[in-house]
Each structure stands twice: as structure tokens, then as C-alpha cells.
Amino acid sequence: MTETLTIRRPDDWHVHLRDRDVLRGVVPYTARQFARAIVMPNLSPPMTDVAGVAAYRDRILAALPQGSAFTPLMTLYLTDSTDIEEVARGFAEGVFVAAKLYPAHATTGSAHGVTDIRNIYPVLEKMQEIGMPLLIHGEVTDSHVDIFDREAVFIERTLTRLVADMPALRIVFEHITTEEAAQFVEGAGDSIAATITPQHLHINRNAMLVGGIRPHAFCLPVAKREKHRLALRKLATSGFSRVFLGTDTAPHAKHLKEAACGCAGIFNAPFALESYVTVFDEEGALDRFEAFASLNGPAFYRMPVNEDRIVLERAPIEVPEVIDCNGTAIVPFHAGETLGWRIAAA
């Protein structure tokens with residue numbers, strides 16, 4: 001039985017770092033484990049131009065622990081009125097590495113998102129031309145579509161057509177949650193990749209609803225039936241090269257989760273690697289963990305892999321019920337549980 005696992009330092013290809021006091025409280029957890037992270041732009045107001053994204057990057061760098069080598073990889077928030085030249089300039093100058101498509105009202109901070117993907121086709125055509133990745137929250141938002149079906153309907157109605165119209169556009173189908181999404185990505189061409197969160201590998205929708213409403217298991221896209229969780233585990237641990245680590249860590253204050261209308265999002269950053277490696281251990285795929293965590297993402301984003309290493313060891317670690325993040329109480333994923341792996345050297 002493997003007792004230690006040494007891998008290249010991973011990257012997290014989907015994080016929410018928030019801003020101000022909460023940013024300062026949560027960013028150390030990501031920076032401790034990961035060399036780089038794709039930072040979501042859905043602040044209030046959202047990061048819709050070069051100047052705003054650059055200023056946010058500066059705030060993240062200022063919030064890092066002293067001596068940290070962590071690099072935030074920034075993204076642009078797309079709207080119906082996004083300027084094509086602003087997109088091209090920010091990408092060329094290295095201010096952001098990708099653009100994020102939120103269908104309007106699909107999730108937290110998406111009110112300014114795109115109302116119809118055809119509205120931004122000229123922007124997407126420019127992105128295809130310059131090789132800029134598009135990151136997609138893949139759900140429809142029609143009120144008549146069941147929340148558990150929104151990802152599958154998005155594939156059928158929007159994503160399939162987009163890929164046909166722009167076959168060279170580099171797309172990351174983020175935080176996939178369904179068997180349909182796993183099959184779509186596996187069957188697509190080399191321009192399509194996906195991220196998978198730790199929660200969607202560990203829990204199904206029962207975690208939210210059995211024995212009472214469990215707000216800390218609520219995120220968007222919501223966890224689905226057990227067959228979907230199993231399909232995601234199969235894909236993540238298969239060695240498939242176009243799927244990679246993206247936590248979608250989404251911190252919210254405890255009292256905002258435990259409310260009549262609680263926020264969507266799971267704060268998984270503090271024990272992200274421990275959570276992921278547990279899945280690979282359970283699936284007998286520890287030999288494939290480095291590819292998922294450290295190699296596949298850089299390959300898709302056309303970035304070098306990290307040279308330094310991180311060591312994980314088989315040893316119990318207790319996850320606290322609550323974490324004080326610079327004055328904000330936040331409940332982490334796996335709260336109150338004991339995980340079987342921990343970071344030995346980072």
C-alpha cells in the first residue's frame with residue numbers, strides 16, 4: 001500500500017477568492033497547496049475590463065502570505081456588451097488568460113452575465129482567432145427547466161451548437177456534474193476540456209436533503225444522482241488528458257449559508273488535495289493523480305508544468321467544523337470528518 005505520494009505542485013483551475021477581508025482570509029489556503037489558480041471574476045461589480053481585472057490581481061497579490069510564490073491567473077467576465085478589442089488587448093498583455101461565460105442568473109454573481117450566447121458570438125470568434133480559452137458555467141436558466149436538468153439541457157441546446165460553429169475555440173466546461181457532461185467531453189475534440197470539483201466526486205444530491213436540509217452541501221451546479229457522481233469519478237481517475245482539477249472553492253460566511261435563502265457554494269480550499277487524493281485512493285488510481293492535479297491543466301492552457309514538488313502522506317487529518325477566515329466564520333467541505341491523507345511537505 002502506498003504510504004506517501006510525491007507529485008509536481010498542482011494548480012487549481014477554478015477558484016473564487018472573493019475580495020477585501022474575506023480575500024485575505026481565504027487566499028492562504030489556496031496558495032499553500034497550489035502554484036497557480038484560475039480566479040473567477042464574479043465580484044460585485046464584476047471584472048468586465050482590463051483595468052478592473054488588473055486591479056483585482058494586485059489586491060490578490062497584496063493579500064498573499066509573505067514569501068508566497070503563488071500566481072493568480074485572472075479571467076474576464078463576459079457580458080452582452082463586452083468589447084472585442086478590450087478582450088484582445090487584455091489577453092495580449094497577459095492581464096487575463098481566459099474569459100468566463102456565466103449565463104445570466106445561473107449562479108452567484110451572474111446577474112450581469114450573458115442573456116443569449118449569440119450576443120457574444122463576435123467576441124467568441126475573436127477568442128477563437130487568438131487562442132484564448134472560454135470558461136463556461138454550463139447551465140441554462142429557463143424557469144421551466146428543472147434545476148437537476150440544467151446542465152444536460154445546456155449541452156443539448158447551447159454547447160453542442162457552439163462547438164459546431166467554432167470548432168477551434170478552446171473551451172473549458174467547468175465543474176461538470178453529470179454523466180452527459182462526462183460523455184460530451186470524452187467524445188469532443190482536443191479543444192474541449194473540463195474541470196471537476198472535489199464535492200461532485202464525493203457527494204450526490206442526498207447530501208443536501210436526507211435527514212434535513214444541509215446548506216453546506218449546496219453549490220451550483222447542484223450535486224446530482226449517484227449515477228452522475230460515479231460517472232465523474234470514472235472520468236477523473238481514468239487518465240483522460242482533458243479533465244483536470246478545479247475546486248470551485250466558494251467561501252460564504254456561515255450565517256449566509258444557514259439562512260432561509262442560503263448562498264450556493266462550498267469552501268473546499270483548506271483540504272482540497274486531501275479530498276481529491278482520497279477519491280483516487282478509493283478508486284485505485286493514485287498513479288493517475290499527478291496527471292489530473294498537475295499535468296493536464298497546464299497542457300490545455302499551454303503553460304509549463306510546475307517544477308517543485310508536494311508530498312502527500314497516508315495519515316489521518318481532522319477537518320474542523322468552522323474556520324475563522326480573517327474574522328469571517330466559514331464551514332469547510334468535510335467539516336467534522338477525518339480524512340485519510342494529509343499534506344506532509346508543501
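Even glycines carry a Cβ here, placed using N, Cα and C.
Straight from Swiss-Prot, the features:
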- HIS14, HIS16, LYS100, ASP248: Zn(2+) 1 binding site (BINDING)
- HIS16, LEU17, ARG18, ASN42, HIS137, LEU220, HIS252, ALA264: substrate binding site (BINDING)
- LYS100, HIS137, HIS175: Zn(2+) 2 binding site (BINDING)
- LYS100: N6-carboxylysine (MOD_RES)
- ASP248: active site (ACT_SITE)
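Positions of Swiss-Prot features highlighted on the structure.
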residue: HIS14; record: Zn(2+) 1 binding site; Cβ neighbours (10 Å): 26
residue: HIS16; record: Zn(2+) 1 binding site; Cβ neighbours (10 Å): 25
residue: LEU17; record: substrate binding site; Cβ neighbours (10 Å): 25
residue: ASN42; record: substrate binding site; Cβ neighbours (10 Å): 22
residue: LYS100; record: Zn(2+) 1 binding site; Cβ neighbours (10 Å): 27
residue: HIS137; record: substrate binding site; Cβ neighbours (10 Å): 24
residue: HIS175; record: Zn(2+) 2 binding site; Cβ neighbours (10 Å): 26
residue: ASP248; record: Zn(2+) 1 binding site; Cβ neighbours (10 Å): 27
residue: HIS252; record: substrate binding site; Cβ neighbours (10 Å): 26
residue: ALA264; record: substrate binding site; Cβ neighbours (10 Å): 15
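Counting only same-chain residues at least 6 apart in sequence, those with a Cβ under 8 Å from the Cβ of LEU220 (substrate binding site) are ALA106, THR107, THR108, GLU139, ALA264, GLY265. Taking the Cα atom of each, HIS137 (substrate binding site) and HIS14 (Zn(2+) 1 binding site) are about 11 angstrom apart. Close to the recorded Zn(2+) 2 site, the chain also has HIS14, MET40, LEU101, TYR102, THR107, LEU135, ILE136, GLY138, GLU174, ASP248: residues not among LYS100, HIS137, HIS175 whose Cβ is within 8 Å of the site's Cβ mean position. For ARG18 (substrate binding site), other Cβ atoms within 10 Å of its Cβ number 20. The Cα of HIS16 (Zn(2+) 1 binding site) lies closest to that of ASN42, out of the binding-site residues ASN42, HIS175, HIS252. Secondary structure at ALA264 (substrate binding site), as computed by DSSP, is coil.
The Zn(2+) 1 site is defined by HIS14, HIS16, LYS100, ASP248, and by the 8 Å test on Cβ atoms against their centroid, the other residues of the chain that qualify are VAL15, ILE38, VAL39, MET40, ASN42, LEU135, GLU174, HIS175, GLY246, THR249, ALA250. Maximum C-alpha to C-alpha distance over the listed substrate-binding residues HIS16, LEU17, ARG18, ASN42, HIS137, LEU220, HIS252, ALA264 is 19 Å. Of all the binding-site residues in the record (ASN42, HIS175, HIS252), the one with the smallest CA separation from HIS14 (Zn(2+) 1 binding site) is HIS175. Checked against ARG18 (substrate binding site), the binding-site residues LYS100, HIS175, ASP248 differ in C-alpha distance, with ASP248 being the nearest. Proximity to LYS100 (Zn(2+) 1 binding site), defined by a C-alpha to C-alpha distance within 10 angstroms, is shown by none of the binding-site residues LEU17, HIS175, HIS252. For HIS175 (Zn(2+) 2 binding site), the binding-site residues whose C-alpha atoms fall inside a 10 Å radius of its own C-alpha are ASP248, out of LEU17, ASN42, ASP248.
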